Every structure is written in structure tokens, then in C-alpha cells.
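Residues or ranges marked as active site, proton acceptor by TrEMBL: Asp37. Residues or ranges marked as active site, proton donor in TrEMBL: Asp177. Summarising the annotation, TrEMBL assigns substrate binding site to Ser11, His68, Gly144, Phe145, Gly146, Gly147, Asp177, Gly178, Gly179, Gly199, Thr200. Annotation comment: TrEMBL describes His35, Asp37, His68, Asp177 as divalent metal cation binding site.
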Amino acid sequence: MDAPSMIIAPSILAADFARLADAARAVEGEADWLHVDVMDNHFVPNLTIGLPVVRSLRAATPIPFDVHLMIEDPERWAPGYAEAGAYNVTFHAEATDDPAALAKTLRAAGSKAGLAIDRDTDVTPYLELLPHFDTLLIMTIKAGFGGQKFLPGTLDKVRAARRHIDAGHLEVRLEVDGGIAADTIEAAAEAGADAFVAGTAVYGADDPAEAIRRLRALGSVRS
Ligand code: DX5
Ligand code: ZN
């Protein structure tokens with residue numbers, strides 16, 4: 001099966017935490033991945049969900065999980081998410097000294113490996129590591145909370161990463177996360193993103209499935 005030209009990954013951070021299985025089902029057939037934001041109250045001030053929730057939710061939906069770890073010490077915790085059946089596990093460049101080694105561990109544990117770059121981090125030093133990764137996530141806000149305003153200045157990093165990926169013919173998804181909505185997805189797609197996380201824009205909508213269809217149409221500028 002060919003890889004889809006673009007990925008829409010609704011973030012359950014914006015869903016009702018008492019009804020996570022319902023939130024997953026509401027986007028089945030429309031979402032490519034389900035984005036799961038794991039925050040530890042150390043790497044970021046917020047605290048969300050962890051491995052037991054991911055394990056339970058994994059059994060409740062067939063949608064591939066895109067786990068975004070905003071945690072310290074990802075070497076200790078990230079492999080557990082791969083073993084729990086996550087499709088992709090992304091950890092932050094700022095949280096580890098040896099991203100390539102952890103990517104290798106994740107792939108060996110059965111998931112794709114993703115590297116996340118927060119708002120204030122330059123992507124340049126990490127571009128040479130991309131052959132170790134399946135996903136590069138560029139934060140388009142400061143990591144930590146949903147519902148923030150999209151920062152257009154972060155798209156310079158998306159453009160640089162897109163040039164590097166295309167020049168090297170790398171098989172890397174270029175994902176953006178933060179403030180992605182009907183009025184911002186087109187700019188992110190034009191900059192070169194091909195995977196889009198959307199929390200508020202999907203779960204804040206009356207009809208999450210319809211919101212995804214709309215985002216997909218607006219973001220389809222590259223295909
Ligand atoms: C924030 C998270 C995002 C968040 C995005 O640090 O990484 O995935 O859910 O939420 P919105 O789409 O509302 O900006
Ligand atoms: Zn996220």
C-alpha cells in the first residue's frame with residue numbers, strides 16, 4: 001500500500017479525557033494517525049497521560065498512534081510506548097544527548113522513530129541525523145499546551161527541513177504541531193509539511209470528522 005500523500009493527526013489533548021475511546025472512534029476512517037501528547041510536568045509544566053492510558057486506548061481503536069513525548073529522560077520511557085503498539089514515537093531533541101541511539105532503540109522495539117524540535121531550537125544541527133528517523137516534528141508553538149496561537153516564524157525551520165529531505169531523498173515525514181487549523185494549514189503545507197497535528201481544530205469542532213476533511217482539503221497543496 002502506498003503511503004498517503006498527507007497525514008492528518010488529531011490530538012486527543014483537546015478531547016474529553018473521560019471519553020478518549022469515543023474521541024478515537026469519532027475520527028476513525030478520517031484520521032491517518034491519532035496524536036497522543038505525553039507530558040511529564042518536568043520537560044514541560046503540563047501533565048497529561050502516560051503509558052497505562054496509551055495501552056488501554058490502543059485496544060480501543062485501530063488508528064495508528066503518533067505518540068509525542070514531551071518528557072525528560074526519554075531513553076527510559078520511550079521504548080515502552082513502542083512496545084505498547086505505538087506506530088510512531090517522537091521524543092524531543094532538547095531532552096536527549098544521543099537522538100540517533102534512541103531512534104535505533106525505538107525501531108528495534110517495533111515503532112517508527114520521531115524527533116521533535118521545540119519553538120526555540122534550531123533545526124540545523126539535527127538535519128544530518130534525519131536518516132535515523134522516520135518523522136521530524138517541528139513545533140509551531142512552544143510545546144506544553146494546546147490551544148495556542150500558530151507561530152508563522154517557525155515555518156523557516158520547516159522550509160529548511162523540506163529542502164534537506166528532498167535533496168537527500170530521505171523518507172521522513174515532516175510534521176507540524178501547534179495551532180494548525182483551517183487558517184494556518186495551507187501555510188504549513190506550502191512550507192513543506194506533509195503531516196499535520198490538530199487538536200483544537202478537530203476536537204473543538206462540532207463534527208471532528210468533517211473538520212479533518214476540511215483540513216485535508218486545505219492542506220493538499222503539495223500533492
Ligand atoms: C502541545 C501539543 C500539541 C497540541 C496541539 O504541546 O504538542 O499536540 O495538542 O494543540 P492545538 O492543535 O490546539 O494547538
Ligand atoms: Zn503534540
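Cβ coordinates are placed from backbone N, Cα and C, and glycine is handled just like the others.
Curation does not apply to TrEMBL; its annotations are automatic.
Structure coloured by features recorded in TrEMBL.
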residue: Ser11; record: substrate binding site; Cβ contacts under 8 Å, 6 or more apart: His35, Val36, Asp37, Gly146, Asp177, Val197, Ala198, Gly199, Val202, Tyr203
residue: His68; record: divalent metal cation binding site; Cβ contacts under 8 Å, 6 or more apart: His35, Val36, Asp37, Val38, Thr90, Gly114, Ala116, Leu137, Asp177, Val197
residue: Gly144; record: substrate binding site; Cβ contacts under 8 Å, 6 or more apart: Met39, Val44, Pro45, Asn46, Met70
residue: Gly179; record: substrate binding site; Cβ contacts under 8 Å, 6 or more apart: Thr140, Ile141, Gln148, Lys149, Phe150, Leu151
residue: Thr200; record: substrate binding site; Cβ contacts under 8 Å, 6 or more apart: Ala14, Gly146, Gly147, Ala181
Check: From Asp37, His68, Gly144, Gly146, Asp177, Gly179, which recorded positions have a C-beta atom under 6 Å away from some atom of ligand 2?
Finding: Asp37, His68, Asp177
Check: So among the active-site residues Asp37, Asp177, who's got the most Cβ atoms within 10 Å?
Finding: Asp177
Checklist line | Among His35, Gly146, which are binding-site residues, the residue with the most C-beta atoms within 10 angstroms of its C-beta | finding: His35
Checklist line | Secondary structure at Thr200 (substrate binding site), reduced by DSSP to three states | finding: helix
Notebook entry, point to check: Which three-state DSSP class does Gly179 (substrate binding site) fall into?
Noted result: coil
Notebook entry, point to check: How many angstrom lie between the most widely spaced Cα atoms of the substrate binders Ser11, His68, Gly144, Phe145, Gly146, Gly147, Asp177, Gly178, Gly179, Gly199, Thr200?
Noted result: 16
